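Visitor: Sequence annotations record features per position, and here Swiss-Prot assigns domain 'DAGKc' to 135-358 based on sequence analysis. Taken from Swiss-Prot, the feature ATP binding site covers H145, P146, L147, C148, G149, T176, G205, D206, G207, L208, F209, N210, E211, S320. According to Swiss-Prot, the feature substrate binding site maps to G204, G205, D206, G207, an assignment based on similarity to another entry. If you look up Swiss-Prot, you'll see D206 marked as active site, proton donor/acceptor, on the strength of similarity to another entry. As annotated by Swiss-Prot, region 'Disordered' applies to 247-297. Positions annotated as compositional bias 'Polar residues' by Swiss-Prot: 276-286. Annotation comment: Swiss-Prot describes 454-461 as motif 'CXXXCXXC'.
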Amino acid sequence: MEGGGEALFLDGVGEVTVAVGDDGLSFQPLHQEVSSSCWSSIIMQPKLESKLKFSDVYAVELLEVGPVCEPWNARATVQGKINTEMNRFVIHTVTRPRKRPSPWVPCEYIFGHKDQQTCKTWVEHIKTCINKEQDRPKSLMVFVHPLCGKGRGCKNWETVAPLFERAKVKTKVIVTQRAGHAYDTLASLSDKDLKKFDGVIAVGGDGLFNEILNGLLSTRHTNSYPPTPEGFGYFRNNMKCQEHRNNDLSNSELTGDDANAISGSSNTPDDHEPLLSTTRSTGLDISSSDSSDEPCNGDQVPLVSFPNNWFRLGIIPSGSTDAIVLSTTGERDPVTSALLIILGRRISLDIAQVVRWKSSPSAEVSPTVRYAASFAGYGFYGEVIRESEKYRWMGPARYDFSGTMVFLKHRSYEAKVAFLENGNTHSLTASAENNANGVQTLQYHQNRHRKTICRTNCLICKGTSTSEQNSEDENPDSSRTACETPKWVWSKGRFLSVGAAVISCRNERAPDGLVADAHLSDGFLHLLLIRDCPLPFYLWHLTQFTKKGSDPLSFKFVEHHKTQAFTFISSHDESVWNLDGELLQACEVSVQAFRGLVNLFASGPEV
């Protein structure tokens, strides 16, 4: 089997010599006189390749005795030698069209041999090789949203479920019955039970993924609240805040307001290094722990915490926008996402921690923690989601309708924003005094930075996933300096919207996303402050998002700050935030980015 290879018949090609290497197997025509017809057959079947990598093979199985077709040509048709009955086995792999980006396509290679034992030997050997791919999941918890998008959740799962079954991946499927179902399940799940799974999959949109994310992190992410500027006042008694938060966790009952907004709280002990790289935090590596039902050290089971080197999240897109999937895979395709999960692809993903201090100006200080994977937005972004709740019967079209209604109101909001400035960060670093008179006083940088787009095997994301110091040397574009005391910069006035993009947020309406050069795992937020401006100017700004290659952030009323943390204060009574499409009522929040806090079943976008 090794070395020179063995003669087999390949369906649609003919007799070939198959050789096994360290990373895959390859085949060549056995007879030179028929090589041209073999390869012309492969050319006519673009899904076939002459080499199969084990990293792309997700299953192999024996078939019943049946026909193995020779390559099609006129002579074979005349002679009637198209099909030959023999023992067979099939290799299930993936292929990609040569034009990129493009979806992944399942592909079958059917091999035949006269001897049944030879086929069995090949099957067992290939199984042994693909089982060495250690990153592949064995057991997954799957949440299916039956009503997301246009009701595609259940249908999409029915489409991809056979792929998981064929790959021998066990799945525990839960069809959600109500809002907060996934959150409640994961927040209440014991670590002992969670350790039975290699990951959690959302068959739905960004909202379901956000619910799963918050359910997992609410009691399993240990870190402090975001840093706040001097004068914000809520960290004067930090231990009291943390104690209040821990008490909330021990009760773990949802208030009515919290249930409406993806319920949850987070257990985070005091830590004086809130911007510490998450890769240096102490999290449990599930792959190195005992996954049996037997408890360790008496009755205690090792805690599951995040960041976590093994546990991963995944999305099979079925929502209205699917911005997270498009930003992390480049394809809004359920089959592609399913194959990425089955093959165990992995990337790290930044997560924004959002702490609501007050729900309204008259409310008492009561810190509540939420997490967002793609975007946190106020003003226009929040009002669109709130307005759309009235028109759920319209389906995905409600977002266009609500967006138009909110846009025509052209409402602005008085607010103050403070963000951490880093020395090399490209931003409009105007002071609060300079901004007091409005747009005209902003100092706009005409020479905008060179965009470095995040993609598969992104060097910036790979570099920042190791250590902060190394990332600085390896990635000059990561906009990080070794400043020990980052400076807080205030910006205040009337804003149409305030948004923080964790990732690019690509979607079908915005092909480049909100921030084209946002990275998946560089530890930064992209703070977007849209100041009050005439309605036609705002329309011009919004339409730029729909054009690939445009620069919607180049307007003078737009501030773009790349930062690790920011604080927001508003005096508006009904202030609402949009967190990955979910509502959170809050007039005072602080937000920070956690680098690579979770791992995703994805490989990055091909752009």
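Glycine residues also receive a Cβ, built from the backbone N, Cα and C atoms like all the rest.
These numbers come from a predicted model, not from an experiment.
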Visitor: Going by DSSP assignments with H, G and I as helix and E and B as strand, what are the residue counts for the motif 'CXXXCXXC' (454-461)?
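Guide: Per DSSP, the residues of the motif 'CXXXCXXC' (454-461) fall into 3 helix, 0 strand, 5 coil.
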Visitor: Please give me the CB contact count at 10 A for L147 (ATP binding site), counting all chains in the structure.
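Guide: Here the count is 14.
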Visitor: At the Cα level, what's the spacing in Å between G204 (substrate binding site) and E211 (ATP binding site), rounded?
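Guide: Given the Cα positions, G204 (substrate binding site) is 11 Å from E211 (ATP binding site).
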Visitor: Under a criterion of Cβ-Cβ distance under 8 Å and sequence separation of at least 6, what residues of the same chain contact D206 (substrate binding site)?
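Guide: Long-range Cβ contacts: G319, T321, D322, A323, I324, A373, S374, D580, G581.
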Visitor: Listed ATP-binding residues H145, P146, L147, C148, G149, T176, G205, D206, G207, L208, F209, N210, E211, S320 - what's their greatest C-alpha to C-alpha distance in Å?
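Guide: This binding site's residues have a maximal Cα-Cα distance of 17 Å.
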Visitor: Pick the one among the binding-site residues G149, G204, G205, G207 whose Cβ has the fewest other Cβ atoms within 10 Å in this structure.
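Guide: Result for the binding-site residues G149, G204, G205, G207: minimum number of other Cβ atoms within 10 Å at G149.
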Visitor: Quick one: which residues besides G204, G205, D206, G207 have a Cβ within 8 Å of the substrate site's Cβ centroid, in sequence order?
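Guide: Surrounding the site, in chain order, are H145, C148, A202, L208, F209, N210, S318, G319, S320, D322, D580, G581.
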Visitor: Counting only residues 6+ away in sequence within the same chain, which have a CB under 8 Å from the CB of H145 (ATP binding site)?
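Guide: Spatial neighbours, sequence-distant, of H145 (ATP binding site): G153, T176, A202, V203, G204, G205, G207, L208, S318, G319.
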Visitor: Which of the three DSSP states, helix, strand or coil, fits L147 (ATP binding site)?
Guide: coil
